[in-house]
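These notes concern the structure reproduced below.
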Amino acid sequence: MTAKPGFNDYIVKDISLAEFGRKEISLAETEMPGLMATREEYGPKQPLKGARIAGSLHMTIQTAVLIETLAALGADIRWVSCNIYSTQDHAAAAIAAAGIPVFAVKGETLADYWDYTAKLFDWHGGGHPNMILDDGGDATMYVHLGLRAENGDTAFLDKPASEEEEVFFALLKKQLKEKPKGYFAAIAASIKGVSEETTTGVHRLYDMQKAGTLLWPAINVNDSVTKSKFDNLYGCRESLVDGIRRGTDVMMSGKVAMVAGFGDVGKGSAASLRQAGCRVLVSEIDPICALQAAMEGYEVVTMEDAAPRADIFVTATGNKDIITIEHMRAMKDRAIVCNIGHFDNEIQVASLKNLKWTNIKPQVDEITFPDGKRMILLSEGRLVNLGNAMGHPSFVMSASFTNQTLAQIELYANNKDGKYKKEVYVLPKSLDEKVARLHLAKIGVKLTELRPDQAAYIGVKQEGPFKSDHYRY
């Protein structure tokens, strides 16, 4: 399988992997009933006809099913991965072979990453995208910061706070020189809205809303119950240990594992390690989450307590500097350190750059400290489940990506009469329940139906929604 004749608007590792990718996409479709049902229901209506979606989300087999669902609903699409290690090269090749522009290679450099992100916004045939589908907020940030600099506020470009910002800001400077005047303003004016996949990106959106700088309506997909309580929890429960095992071949049973953070991702991560036979420690800043962890039987400690005790360390907080250089110096020889939060700054990887690095295999490095102690770092502190393994299973991603599809429809086709302002929204409870319902038959669930008198007794409709908006699942 090769790309369509004359189509070369893509960058992938090896287009000859497309046939392999297509076979795996076919397998994944069987495990993604929500997306397939969405194609069947909405395909004839073409609600995304005319939509030009700039997608920045891990270019995996499951994402390929999402991309082809959006296309089946009428959208024109350009796609990049939102992490330098998360691309599955056969998935990217299959999408390119289908004639959809994609720019994604597993192990791309930071310079490549930001160059590819910029390519999202130069639409083939001219023009710009009118929708963003984001994971982590980098595509959204590219436009916001590009417009800020274009409008004259450029001081921040000379003050990068990380290696990644240094590369990103250099790209923005280049764009300001090479692109026509008003380039970012034209992109910003074209876009109708953004749907955001993950916790980190949602934090960025709420920060912009609070500051009054959010350029378009946004839908927070992450806080749909059928995303956060399934993808974040059950997805991590399966994929975390998969990544650690593939990276290290270590025996998990009997090891002491430390999980930083006990939100939904941390809960899934702790369960993953416990099921593998680890003795699990947890750290938390939130007394409610700390109490939950203790009631689940985990020992709640600080990172300082855990550093000399644990064999395996996992960060899952969405915050920065969770594992510091001081913590790493206190660890056992060849402790395994990894992250399952979106960005690599949960671990102070930058502080290790001047130490001796020995690459064991792709995304597995041994770092030697001056005293001879060694540490195993997975995926350079980026997402371990996607860098060292294949990410979450297809079934749980079907729920997340069905929410993404419905969010794109809401913002593009259903934003009538100013329904959505320049604010952050969540999908209504009725759609959350719909997404769940679409996945029941696949796993043999028989749903009990309320009788009319029962529905009246608890004050709900027979067909739902069954819970109030403030209900915590």
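Each Cβ is built from the backbone N, Cα and C atoms, and glycine gets one as well.
Quick caveat, the model's predicted, so the values are computed rather than measured.
For reference, Swiss-Prot has these:
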BINDING   Thr60, Asp135, Glu197, Lys227, Asp231  substrate binding site
BINDING   198-200, Asn232, 261-266, Glu284, Asn319, 340-342, Asn385  NAD(+) binding site
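Feature annotations (Swiss-Prot) mapped to structure.
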residue	record	DSSP (3 states)
Thr60	substrate binding site	coil
Asp135	substrate binding site	coil
Glu197	substrate binding site	coil
Lys227	substrate binding site	helix
Gly261	NAD(+) binding site	coil
Glu284	NAD(+) binding site	coil
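Cα of Gly261 (NAD(+) binding site) to Cα of Glu197 (substrate binding site): a span of 19 Å. Cβ neighbour counts within 10 Å, taken over all protein chains shown, single out Gly261 as the most crowded of the binding-site residues Gly261, Gly263.
Applying an 8 A CB threshold to same-chain residues 6+ apart, the list for Thr200 (NAD(+) binding site) reads Gly136, Gly137, Gly318, Gly341, His342, Phe343. Cβ neighbour count for Val265 (NAD(+) binding site) (all protein chains, 10 Å cutoff from its Cβ): 28. Cβ neighbours within 10 Å of Asp231 (substrate binding site), excluding its own Cβ and spanning all shown chains: 26.
Within 8 Å of the centroid of the Cβ atoms of Thr60, Asp135, Glu197, Lys227, Asp231, where the record puts substrate, the same chain has further Cβ atoms from Leu57, His58, Thr198, Val221, Asn222, His392, Met397, Ser400, Phe401, Gln404.
Across the structure, Lys227 (substrate binding site) and Gly263 (NAD(+) binding site) place their CA atoms 13 angstrom apart. Of all the binding-site residues listed here (Thr198, Gly263, Val265, Glu284), Thr198 has the Cα closest to the Cα of Thr60 (substrate binding site).
Restricting the binding-site residues Gly263, Val265, Glu284, Ile340 to those with a CA within 10 Å of the CA of Asp231 (substrate binding site) leaves Val265, listed by sequence position. The C-beta environment of Asp135 (substrate binding site), restricted to residues of the same chain at least 6 apart in sequence and closer than 8 Å, consists of Ser56, Leu57, His58, Cys82, Glu196, Glu197, Thr198, Gly201, His342. In the shown protein chains, 23 other C-beta atoms lie within 10 A of the C-beta of His342 (NAD(+) binding site). Compared over the binding-site residues Glu197, Glu284, the count of CB atoms lying within 10 A of a residue's CB peaks at Glu197. Cβ environment of Ile340 (NAD(+) binding site): Cys236, Leu240, Gly243, Val265, Ser269, Val314, Thr315, Ala316, Leu383, Val384, Asn385 lie under 8 Å away, each six or more residues apart in the same chain. Thr60 (substrate binding site) counts 25 other C-beta atoms within 10 Å of its own C-beta, drawing on all protein chains shown.
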